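Everything on this sheet refers to the single structure shown next.
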Amino acid sequence: MKGLPVLSFLLWVCALYFVGIYLFMSGFLLVRLEVNRTSTCGDVLQPGEDPADFCRVPPRFRRVVLLIIDALKIDFARFDPRNTAPKPYENKLPVLEETVSSRPSHSRLYPFRADPPTTTMQRIKGFTTGSLPTFVDVGNNFASSAILEDNLIHQFGQVGKRVVFMGDDTWESLFPKKFHRSLPFPSFNVKDLHTVDNGILQHLYTTMMGDDWDVLVAHFLGVDHCGHRFGPDHPAMADKLTQMDGVIRSVIDRLQNDTLLVVMGDHGMTDTGDHGGESQKETDASLFLYSPSSLFSGPPAQSEPDVVPQTDLVPTLALLLGVPIPYSSVGQVLLPLFPPHGQIEGAVGGLSQLEALWINAKQVNRFLETYSSMAKDIPPESVSKLKDEFSRLSSEYLTSVREGRSPSPELAASVQTYLTSVRDTCRATWAQFNPLKMAAGLAILAFACLICFVLSELSLMLLREDGPRLKAPLVTPLVGGVCVASFQLLTRGYIEVAWCLVVAAFTSELFFLWKAHRSRVSDTAKNGSKAPKCASWLSPRCLLAPPLLVALLRCASLLSDSYVIAEGRVVTFLVFSLALYIPVHLNWDGLLLPPSHDPLKCAGLLPSSALSPSTVRKESSTLLGCLGLLIGSLYLSLSFHGCREEQGSCQPSPFLSPLSRLQDTQLKNLHYILSVVSLGLWTHLLRCCLRHYGNLNSSGGTVFTARWILPLLSVCLGLHWAVSATPEDSFRNLAKVISLAQLALPRAAFCLLGLGLFLIWLDPLTVFLKTRAGPLARGSSLPPPRYRASTSISPQAELHHLIPQIYQRIRHSLDDGELTRGSEVEGRPAVEAYGLGTVYSAPLLLFCGLLGIGLLLLHPEGMALSFLLLLLEMAALLHIHASSTTLSGLHGTFSGGYNVPWTPVVLWSLATTQFFHATGHLPTFPSIQWGAAFVGFPDGHTGTMLPASLVTLNTFAAHILFAVGCPLLLFWPLVCEVRGSRGERAFGEEGEDAVMEMRLRENPNQFTSALLQLSARYLFIHGAQVFASACAAAILRRHLMVWKVFAPKLMFEASGFLVTSVFLLIGVTLVLRVEIALGHWFKRLIPDASR
């Protein structure tokens, strides 16, 4: 078997896809241009007659206390005295409502709206710079880097204000060496509700009473972590909010008259405690403002804003504290905090409303002019319109100032409208695309899909000795890429890697397609007028076959936001429909039922059927039974789906919540029992399958894994679930033991998983030989077989001829033993072999099963039943494919090859997406199950690689299992070949019994070709989905739902393809590893005399 060419082709195709994805993403997900300029107190904003605009009047406040309660959504801050039965998150912050009611001129409570993405790092960036983050910034949430844009922290330090920080250590990475004093605490462990908050409380009040600070920032994390761990509707949330209520009261009591208190949330949270998206529950946080001195001119007026955008806090705090507004801020001042024009005589210091607005408008206009001169992404007509409006407002304002009259109230409203227009324009256009890179990426992806299709249809020709090789398609593009790099270096002085990759990928793709075309033409010429069988693969009849049509229609549907939102249920329907198509198609061709009695066939005038009526009935019953199992699994899997914000009344599955969130003890016990039973069935079914085919008799590493490591891993997982579900306040005497178990059990499971996978890889064979003298050692030899190849045949060819003879010799020994069973001992079989017929599928099946339990460890406990349904669905699909293949041989339609048709491949890929949703995942960022990062690491991580890997494994578990198990589609029809009776013919020659997977070694070229074809077809389906998602994002890049629906879908599809490619290569490599081990095993069985 030619394993290296298969891996080479697959690696090359995957590399082409990766290059296409990288290029498209680099053109589509660009961050906006950052203006690295800084405001100073000496800046003169045009137009104006004052020597300076910033810092020219005494600040209204000398100090500010900024309390950030992470994820303090507005629903947590409101108080309703009529609510007699509040939920755990309701009415727990009465201090806010009490203060606003009793001291209306000193305090206000506003909804505080964040711009998506609603993740902590981006929100800190938003309310310190006043800028709008772009979509791609969400990827930096756990790899925070220093903020380079002008920001409030920098401005405070520039004017000499001492900033003291305590809390979330994200601030340390965003503002390195910017604090007068810093007390950071680790923030990544979402299961830790108290460390950060208690650390702050140890220093907060003593710091406030001291005199070594001007700006005090305290970032509490307990509320956010409680939401992630338990959700908002949990008693732990009530405790956290009550604690924050006490903190706010204590801070208010310690404030001085020259100090402003700002209590705010950086974002909200969903009903499940998550955030990151743009639903109103995620974007609407709370903003509470208070000062012991009069802060507002009176009670709330109708003109006050209903919602305060988060960016508006930046210019407001800057002007209240007498520091310059950060250069890139697009926020507008919160007018109620400034006295009306002409009423500032009694104020200690500060600006009037119109003065603050005017400075704000000039600062925003300066930024707009600078940005539009540096970047061209804002439409010129929009920039021109905004500049004309600002010129008109400037003229009106300056005229009124020169004439000594008060500006009209309409002027203030017009300035506010102008500021809102600038922000809306920036928000609409700050998705800077690079059309050339996007087009290049799409073209490379399209050609990669075409190459996959060519590989799948011409695999046998491409793997021939005289077929097109990869040497030229690899060397030529490498030379082209180096030439482009050299040209760039000579002309520009630097190298842009993206365009080198474009040239290399295009050259490689076109060169290969040209070579493949020439080989196909050469084959046609050699065969004369008879075209090869593959000549019709581009015909409309083949391309529009039902399985390919379903795949193409699904790809086209990715252009619809409604489809993406409802994809989980739609894909379930597609799996059901395509699976139902198989028996319908067989029945249409007359293959589902036994053929009717035909006297011509009995007389020998017509060829008889390949299978007997009893075998046909058995295969049909198996197919229909497995179809019923598949439908049942599909129906039950719908109970595990999550919900998108756009789905309205949808209720997420209760199985998505960890057991620790459930408060009903009886329900918790029921969920735990169901999870443990599902886990036990998973393990039992795997062992039963291996035992049924005789794969648990040898003493190798794979069998050891199945016998011991698999059940031990299941036990560790069950115990881990029990420990994790234990409430913190129970078993206080055993708290240390429970804490140790939470650390040790999952780590022990990880070690067992790694050991099991390593043993399968090291010793994948599950074959056991037994003779009359007892078990044979692995190194011993059998007596010489009756068959001996001619000495003129090479040793490798001799080995291929000997393999079926060895199997037949074992079989004849078994036949002889059955005839004389019960007689003399000498009548027993001379040689017995166990597991030889499933030598390839057994280690692969165990590998998938072991990997599935490891991936289940990273999911909530309730997903155990979903994983069991996944296993049943995989088994049903394999048996449906095997039975349909068997029935297709009824009238001799079986070609003798091992090619896997498109229908099972498309079904397998659709099942991947279906179980992505059935494990509670969605192509949205709030649905990411971040808790997977802390399985086995409850105290958090020091780096980001390990948690990112754990979250990736959790998110794409379905992709991993179906990719690794993809070669089973090739093996399973051969595995199930044994279902025919011993006296009947299977797919071999006349008089030959079913030899199962040993047929593959009889035809190594067809084996290699079929493996490459199956892998290429699977990559084609997933690559086409990535290409369709990229097309949807490119075409609809100005669509209202692009950042909410299409961009996340693209990122999940691209990430899923990367994971699928890697694990498909692992599955194929494992098959090749079995082939190598099997070759060595057979060589040990061949005596020297037979060579």
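Including glycine, each Cβ sits where the backbone N, Cα and C put it.
TrEMBL labels come from automatic prediction, so no person has curated them.
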>> Between the candidate ranges 66-82, 474-490, 576-592, where does TrEMBL place the transmembrane segment annotation?
In response: 474-490
> Residues of the same chain, at least six outside the transmembrane segment (670-693), with any C-beta under 8 angstroms of its C-beta?
Replying inline: 655, 659, 662, 706, 710-711, 714, 717-718, 721-722, 725, 766, 835, 837-838, 842, 845-846, 849, 852-853, 856, 861-862, 864-865, 867-868, 871, 875, 975
> Can you find at least 3 Cβ pairs under 8 Å between the transmembrane segment (497-517) and the transmembrane segment (6-31), where each pair is 6 or more residues apart in sequence?
Replying inline: yes
> Among 6-31, 439-462, 474-490, 744-762, 839-858, which stretch has the most Cβ pairs under 8 Å to the transmembrane segment (1056-1074)?
Replying inline: 6-31
> Is the transmembrane segment (1018-1036) in contact with the transmembrane segment (439-462), using three or more Cβ pairs under 8 angstroms as the rule and ignoring pairs under 6 apart in sequence?
Replying inline: yes
> Same-chain Cβ contacts of the transmembrane segment (956-975) under 8 Å, 6 or more residues past its ends?
Replying inline: 693, 837-838, 840-841, 844-845, 847-848, 851-852, 855-856, 858-859, 870, 874, 878-879, 881-882, 885-886, 898, 900, 904-905, 908-909, 911-916, 918-919, 921, 996-997, 999-1000, 1010-1011, 1014-1015, 1018, 1055-1056, 1059-1064, 1066-1068, 1070-1071
> So which of 6-31, 705-723, 839-858, 1018-1036 has the most C-beta pairs under 8 Å when paired with the transmembrane segment (744-762)?
Replying inline: 705-723
> Are there at least 3 C-beta pairs under 8 angstroms linking the transmembrane segment (1018-1036) and the transmembrane segment (6-31), leaving out pairs fewer than 6 apart in sequence?
Replying inline: yes
> Excluding the flanking five residues on each side, which residues at least 6 beyond the ends of the transmembrane segment (865-882) place their CB within less than 8 Å of a CB in that stretch?
Replying inline: 579, 582, 622-623, 626-627, 629-630, 633-634, 636-637, 640, 655, 674-675, 678-679, 681-682, 685-686, 848-849, 852, 855-856, 859, 900, 903-904, 907-908, 911, 915, 918-920, 958, 961-962, 965, 968-969, 972-973, 975-976
